[in-house]
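J.: Found this in Swiss-Prot, in case it helps:
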type: COMPBIAS; residues: 21-42; note: compositional bias 'Basic and acidic residues'
type: DISULFID; residues: 48-53; note: disulfide bond
type: DISULFID; residues: 49-59; note: disulfide bond
type: MOD_RES; residues: 55; note: 4-hydroxyproline
type: MOD_RES; residues: 59; note: cysteine amide
type: SIGNAL; residues: 1-16; note: signal peptide
């Protein structure tokens with residue numbers, strides 16, 4: 001039973017690492033001014049052409 005517990009803990013730890021690394025790349029892209037995800041200072045609302053931003057930001061294209 002203890003062995004099964006250890007396997008579950010290790011499996012969840014290994015699976016969670018790649019998702020953390022993927023979000024770091026998105027953060028870098030959002031900070032890049034040339035990216036579609038970058039916010040501009042227009043009218044207090046940013047410009048974002050990424051599909052996830054759709055309801056909150058205008059694309060401006």
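Note: Cβ is positioned from N, Cα and C throughout, glycine not excepted.
Help me understand the surroundings of these features in the structure.
T.: For the recorded site, residue 53 (disulfide bond), the DSSP three-state label reads helix.
Sequence-distant neighbours of residue 55 (4-hydroxyproline): no residue of the same chain at least 6 apart has a C-beta under 8 Å from its C-beta.
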J.: Within a 10 Å radius of its Cβ, which of these disulfide-bonded residues (48, 49, 53, 59) has the fewest neighbouring Cβ atoms?
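T.: With the disulfide-bonded residues 48, 49, 53, 59, fewest surrounding Cβ atoms within 10 Å: 59.
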J.: Can you tell me the CA-to-CA distance separating residue 53 (disulfide bond) and residue 59 (disulfide bond), as a whole number of Å?
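T.: Cα of residue 53 (disulfide bond) to Cα of residue 59 (disulfide bond) measures 9 Å after rounding.
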J.: Between residue 48 (disulfide bond) and residue 59 (disulfide bond), what is the CA-CA distance rounded to a whole number of Å?
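T.: A Cα-Cα distance of 5 Å.
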